[in-house]
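Below is one structure, written out as structure tokens, with a few remarks after it.
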Amino acid sequence: MGHSMQVKVRANADAAEVRIFANPDVWLEASAVEQLHTTATLPHIRAAVGLPDLHPGRGYPVGAAFFSTGHFYPALVGGDIGCGMALWQTPLKTHQYSAQKLEKRIGSQEGALPEALQAGAYAELNGLLQEVSLPIDASLLASSLGTIGGGNHFAEVLALDHLYEAASALQLSAKTLYLLVHSGSRGLGGAILRAHVDAFGHRGLAANSPAAAAYLQQHDLAQQFAHCNRHWIAQRFLHSLRSEGECLLDVSHNHVLAATYQGQSGYLHRKGATPSDQGIVMVPGSRGDYSYLVRPVAERQEALCSLAHGAGRKWARADCEGRLSAKFHASDLRTTRFASSVVCNDKALLFEEAPQAYKKVDSVVATLVDAGLVELIARFKPVLTYKKGAPTCC
DNA sequence: ATGTCC
């Protein structure tokens with residue numbers, strides 16, 4: 001693994017610290033670095049960290065964490081409040097399931113949950129919805145519960161490929177399949193952000209204002225809904241495989257929360273940044289790359305207690321089809337170098353999410369290891385990546 | 001990211 005380079009690029013005029021973690025092998029877009037610095041100059045921001053998956057976003061970079069005092073920025077969290085990764089262990093024997101068999105069993109996982117799961121799912125949703133007023137119709141929440149969504153969201157069946165020394169404390173089976181779910185709060189987080197931006201724009205909210213309290217209440221509900229969504233996505237996949245599973249982790253990478261940094265109390269924003277203080281986490285590569293289960297080493301404040309949330313995009317979505325269509329037909333993108341299957345009925349998404357559009361996960365994970373942020377537990381390879389099935393209606 | 005913006 002390459003030599004680590006931790007770049008402390010510069011301090012801004014108002015003394016916000018800016019740090020980027022990236023070794024020389026990591027693809028790093030100049031525009032992403034610029035976004036990180038620009039965001040760091042916002043009033044009240046005290047520290048900004050770019051993780052090795054740093055890439056440009058809509059105004060604010062993704063793969064970054066920001067600490068502020070006195071005020072916080074809902075716009076910095078973005079629309080997919082609570083988006084995160086959940087990893088499940090299944091009892092299914094890897095050698096008994098080809099990608100083709102999995103694809104046949106899983107079929108389409110769009111639309112309403114299977115009837116067998118609905119009562120439990122809707123009871124949980126109703127429990128969440130008490131007493132918080134939301135800028136969205138509750139019926140939409142019910143219909144989106146248990147759905148993956150688009151963009152970079154997925155559900156993936158993985159096989160354990162390698163165990164590292166740090167695995168010894170965990171009871172990981174090398175012979176069974178795992179299920180990784182990456183999804184968020186669907187329409188809810190977006191509606192919360194939209195309502196907030198309509199009222200307040202992109203400026204920060206004073207920490208003790210009524211508007212801040214109202215936003216945080218909705219934000220916390222979106223976090224719970226996103227968690228609940230990943231749970232029921234996992235349940236519906238396991239149900240289709242006539243199986244069950246044990247949740248090993250469920251960690252959000254888009255949120256803002258009260259925190260302290262260098263003895264100051266304030267707010268920690270994570271925008272595509274995985275917490276390093278919530279136990280073991282998964283750093284997924286693209287659908288054509290490995291994913292790593294890692295243990296955060298210790299509380300590392302200079303990284304704002306954050307890690308890369310994945311490989312990170314290398315190419316903008318709009319560029320992918322143009323770059324790849326001369327060389328690859330859409331059907332070529334339905335299998336990977338691991339001979340894993342890709343279920344995706346959306347042609348544009350098939351190109352946008354191609355492995356070539358992502359950074360090499362080894363460069364990202366090597367940076368985290370070399371910077372002393374994590375130790376490796378296990379490496380997984382994809383067997384089937386589910387992006388989007390056939391439409392359920394029309 | 002998005003019951004996706006016209």
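Placement of Cβ uses the backbone N, Cα and C atoms for every residue, glycine included.
Per TrEMBL, the feature active site, GMP-histidine intermediate maps to A:His309. For A:Asp80, A:His153, the entry in TrEMBL reads Mn(2+) 1 binding site. The GMP binding site feature in TrEMBL is assigned to A:Asn152, A:His153, A:Phe154, A:Ala155, A:Glu156, A:His253, A:Asn254, A:Ser291, A:His309, A:Gly310, A:Ala311, A:Gly312. Annotation comment: TrEMBL describes A:His182, A:His253 as Mn(2+) 2 binding site.
A map of TrEMBL features onto the structure.
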{"residue": "A:Asp80", "record": "Mn(2+) 1 binding site", "Cβ contacts under 8 Å, 6 or more apart": "A:Gly184, A:Ser185, A:Gly189, A:Gly190, A:Ala226, A:Asn254"}
{"residue": "A:Asn152", "record": "GMP binding site", "Cβ contacts under 8 Å, 6 or more apart": "A:His182, A:Gly310, A:Arg313, A:Glu353"}
{"residue": "A:His153", "record": "Mn(2+) 1 binding site", "Cβ contacts under 8 Å, 6 or more apart": "A:Cys83, A:His182, A:Ser183, A:Gly184, A:Lys387"}
{"residue": "A:Phe154", "record": "GMP binding site", "Cβ contacts under 8 Å, 6 or more apart": "A:Ile148, A:Leu180, A:Val181, A:His182, A:Arg287, A:Glu353, A:Thr385, A:Tyr386, A:Lys387"}
{"residue": "A:Glu156", "record": "GMP binding site", "Cβ contacts under 8 Å, 6 or more apart": "A:Leu179, A:Leu180, A:His182, A:Pro284, A:Arg287, A:Ser291, A:Pro382, A:Val383, A:Leu384, A:Thr385, A:Tyr386"}
{"residue": "A:His253", "record": "Mn(2+) 2 binding site", "Cβ contacts under 8 Å, 6 or more apart": "A:Cys83, A:Gly84, A:Met85, A:Arg270, A:Gly272, A:Ala273, A:Thr274, A:Pro275, A:His309"}
{"residue": "A:Ala311", "record": "GMP binding site", "Cβ contacts under 8 Å, 6 or more apart": "A:Asp53, A:Val283, A:Pro284, A:Gly285, A:Ser286, A:Asp289, A:Tyr358, A:Lys359, A:Lys360, A:Val361, A:Val364"}
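Listed recorded positions: A:His182, A:His309; maximum Cβ neighbour count within 10 Å falls on A:His309. According to DSSP, A:Asn254 (GMP binding site) sits within a strand segment. Under the DSSP three-state reduction, A:Phe154 (GMP binding site) is assigned to strand. Residue environment of A:Asn254 (GMP binding site) contains 27 other Cβ atoms, counted within 10 Å of its Cβ in all protein chains.
In the three-state DSSP scheme, A:Asp80 (Mn(2+) 1 binding site) is classed as coil.
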